[in-house]
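Visitor: Here it is, the structure, as structure tokens.
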Amino acid sequence: MTTQTANKAQLRDTRKAVGRRSSNPGWFLVSPSVLLLLLWMIVPLGMTLYFSLIRFNLLYPGENEFVGLENFSFFLTDSGFLPGIWNTVVLVLSVLIISVVGGVLVAALLEASDFIGRGIVRVMLISPFFIMPTVGALVFKNLIFHPVSGILAALWRAFGAQPIDWLANYPLASIIIIVAWQWLPFAILLLMTAIQSQDLEQKEAARLDGAGPGAIFWHLTLPHLSRPIAVVVMIETIFLLSVFAEIFTTTNGGPGFASTNLAYLIYNQALVQFDVGMASAGGLIAVVIANIAAVILVRMIGKNLTDKG
Amino acid sequence: MATLKLKNLKKGFEGLQIIKGIDLEVLDKEFVVFVGPSGCGKSTLLRLIAGLEDVSSGHIELDGRDITEVSPAKRDLAMVFQTYALYPHMTVRKNMSFALDLAGGDKAEVQRKVDDAARILELTPLLDRKPRQLSGGQRQRVAIGRAIVRNPKIFLFDEPLSNLDAALRVQMRLELARLHQELQATMIYVTHDQVEAMTLANKVVVLNGGRIEQVGSPLELYHHPANLFVAGFLGTPKMAFLKGKVSAVDTGGCEVSLDAGLQLALPHSSAALKVGDPVTLGIRPEHLELATAGQPGLSVTADVSERLGSDTFCHVLADSGEPLTVRLRGDLNNPYGQRLQLHLGAEHCHLFDANGDAVSHALRAAA
Ligand SMILES: Nc1ncnc2c1ncn2[C@@H]1O[C@H](COP(=O)(O)OP(=O)(O)O)[C@@H](O)[C@H]1O
Ligand SMILES: [Mg+2]
């Protein structure tokens with residue numbers, strides 16, 4: 001094995017040397033795609049930057065004078081900004097916790113149990129992931145959380161209790177449930193595949209060493225899953241930072257700012273108040289926040305991914 | 001003290017019988033090797049003993065206690081797997097102390113046991129590494145160390161050397177033999193490699209198709225195989241087999257006429273043997289030699305030879321088409337294509353009846 005790695009390293013070195021010698025034609029050949037990618041990224045970013053520095057409200061066309069950082073200061077001092085940040089953090093963390101903990105438990109249970117129809121149950125568990133966020137949110141809004149037509153209302157009435165208007169009274173919690181319902185399957189899918197690749201003989205060795213199912217789960221299965229869990233956290237964080245459809249179709253960010261996250265706040269600025277300049281500033285702030293989150297994530301769990309297992 | 005008794009042990013998977021009734025006794029401090037071709041059920045038998053598989057019927061007794069239904073953790077056996085099965089996220093030290101930690105052993109005591117085992121296996125400098133940072137041989141030693149610290153009643157090994165390269169295999173084989181002496185432990189060792197079986201075992205159990213073909217010391221099995229399977233399985237190069245018919249029998253022996261064209265008086269006899277019975281004569285390479293002038297011999301044609309320096313293994317074909325191997329002097333010239341006359345020492349021949357069972361020497365049977 002060591003020799004193999006050595007060989008690979010050697011090969012890489014040779015390749016590097018070759019690359020250096022003939023670097024000009026290489027650059028020439030990849031330049032179209034590099035250029036395209038640069039344009040792809042630079043143009044929108046540049047436009048956003050530009051918009052964020054000018055006054056650009058669709059209600060007042062033609063008044064596009066340079067305003068410096070005014071848009072940023074307006075966005076940061078907007079009454080929706082702090083709740084938006086807070087709600088984003090709460091939403092992301094809650095869904096991450098629910099989907100990772102739930103995903104590990106469901107995957108482990110599915111792996112441990114053996115019953116007829118296990119395949120069908122697996123498919124059913126994963127299926128919410130393939131439902132459009134808008135559709136899922138509407139189903140939750142009208143058939144589950146609705147104070148008149150919802151299943152929960154019926155349940156409450158069956159016990160003689162007053163039905164609760166979930167989306168009005170617990171807007172953020174309701175949205176967390178909807179989003180978690182969509183992302184839990186993703187975690188289950190990834191973790192289930194990972195759990196199936198766990199070495200059987202390791203588990204048998206642990207059994208002989210006197211480990212019960214709990215100890216095997218804690219000492220072998222969880223460490224084995226650390227890498228897929230890191231992947232789940234990374235990918236879900238990226239998507240959860242920009243949850244929008246679920247909020248748009250259910251609470252519209254309300255009541256007040258109770259369920260407004262950053263993505264929704266930006267939408268609100270741009271398309272409700274027609275303030276493109278401020279929305280661009282918000283977008284850039286969101287990019288900065290996403291990058292901070294990415295750095296923290298890479299610090300925390302990136303080691304898990306690059307570490308050779 | 002550790003003795004193991006298997007009583008009419010059977011195991012089937014989905015109706016397919018894999019272990020077809022095993023009776024066996026393993027004595028204290030014995031090194032028992034299960035050997036047999038791939039797929040004959042060696043691993044399954046070992047896993048039954050370890051408790052990793054449930055038996056279909058029969059009983060397992062450890063020190064007189066029936067452990068057939070006891071969980072693997074409570075059997076007090078340790079197993080070394082072919083793939084090592086080390087815990088990848090734990091250091092070598094943690095791998096070795098895992099069982100003791102789980103049992104809630106005293107920290108200092110656990111540390112001492114791990115250090116002792118590490119010293120025996122020369123793992124001390126590696127204790128803080130992870131398994132992936134070790135070579136194959138080192139991983140193997142950690143797997144053995146993990147077994148040693150538990151001080152189990154019986155060590156179980158499932159082909160522990162088959163993932164190592166040839167040189168390391170020879171070295172680890174010696175280390176295992178030394179370990180057995182040092183620990184004075186009872187060991188059961190599974191392999192498909194007859195050399196490992198011959199070199200390591202006090203007692204070899206030859207398995208075939210889920211049944212025991214023969215049990216005995218390595219030399220007993222080598223010199224007195226009970227049937228054609230054992231005779232052909234043990235020994236490299238293989239024993240040669242020549243078909244023939246019994247042409248005369250009396251109490252002191254019999255006469256066999258081989259299809260290859262030789263009439264041979266043998267000291268083998270049994271009550272069941274009759275004139276005209278088809279038999280198979282077996283002879284090992286070291287018991288064949290070139291006939292001296294005038295001596296009656298088996299006419300063969302030399303095929304290729306393998307020259308090892310100390311010996312030459314000359315492959316030859318009898319006139320009946322049956323292949324034989326002859327061990328000759330190392331400095332022999334290549335006789336390819338030549339006609340040779342071979343002398344078969346009747347004393348060293350093995351005779352097998354139509355069922356493949358060995359016919360014993362008349363004298364030994366009488367004694
Ligand atoms: N869990 C199992 N389910 C079904 N068949 C099995 C199982 N384990 C082993 N077998 C079958 O039992 C036979 C013996 O296997 P094994 O004991 O591993 O042989 P070996 O002597 O090579 O170690 C093989 O034919 C194998 O296919
Ligand atoms: Mg096997």
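Here the Cβ of each residue, glycine as well, is placed from N, Cα and C on the backbone.
In TrEMBL, annotation is done automatically, which means it is predicted and not curated.
Below are the features listed in TrEMBL for this protein:
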- A:85-297: domain 'ABC transmembrane type-1' (DOMAIN)
- A:1-21: region 'Disordered' (REGION)
- A:26-51: transmembrane segment (TRANSMEM)
- A:85-108: transmembrane segment (TRANSMEM)
- A:120-140: transmembrane segment (TRANSMEM)
- A:172-195: transmembrane segment (TRANSMEM)
- A:229-250: transmembrane segment (TRANSMEM)
- A:270-298: transmembrane segment (TRANSMEM)
Visitor: Grab the same-chain neighbours of the transmembrane segment (A:85-108) for me: Cβ-Cβ under 8 Å, and only residues 6 or more beyond its ends, written as numbers and ranges.
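Guide: Here the qualifying positions are 125, 172, 175-176, 179-180, 183-184, 186-188, 190-192, 194-195, 217, 221-222, 225, 229, 232-233, 236-237, 240-241, 243, 257-263, 289, 293.
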Visitor: Decide whether the stretches the transmembrane segment (A:26-51) and the transmembrane segment (A:270-298) have at least 3 CB pairs under 8 angstroms, with pairs required to be 6 or more apart in sequence.
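Guide: Contact criterion met.
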Visitor: Given a Cβ distance threshold of under 8 angstroms, which distant residues of the chain, six or more beyond its ends, lie next to the transmembrane segment (A:229-250)?
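Guide: Apart from its flanks, the transmembrane segment (A:229-250) reaches 88, 91-92, 95-96, 99-100, 103-104, 132-134, 136-138, 140-141, 145, 167, 171, 174-175, 178-179, 182-183, 186-187, 190-191, 259-264, 267, 286, 289-290, 293, 297, 301-302, 304-305.
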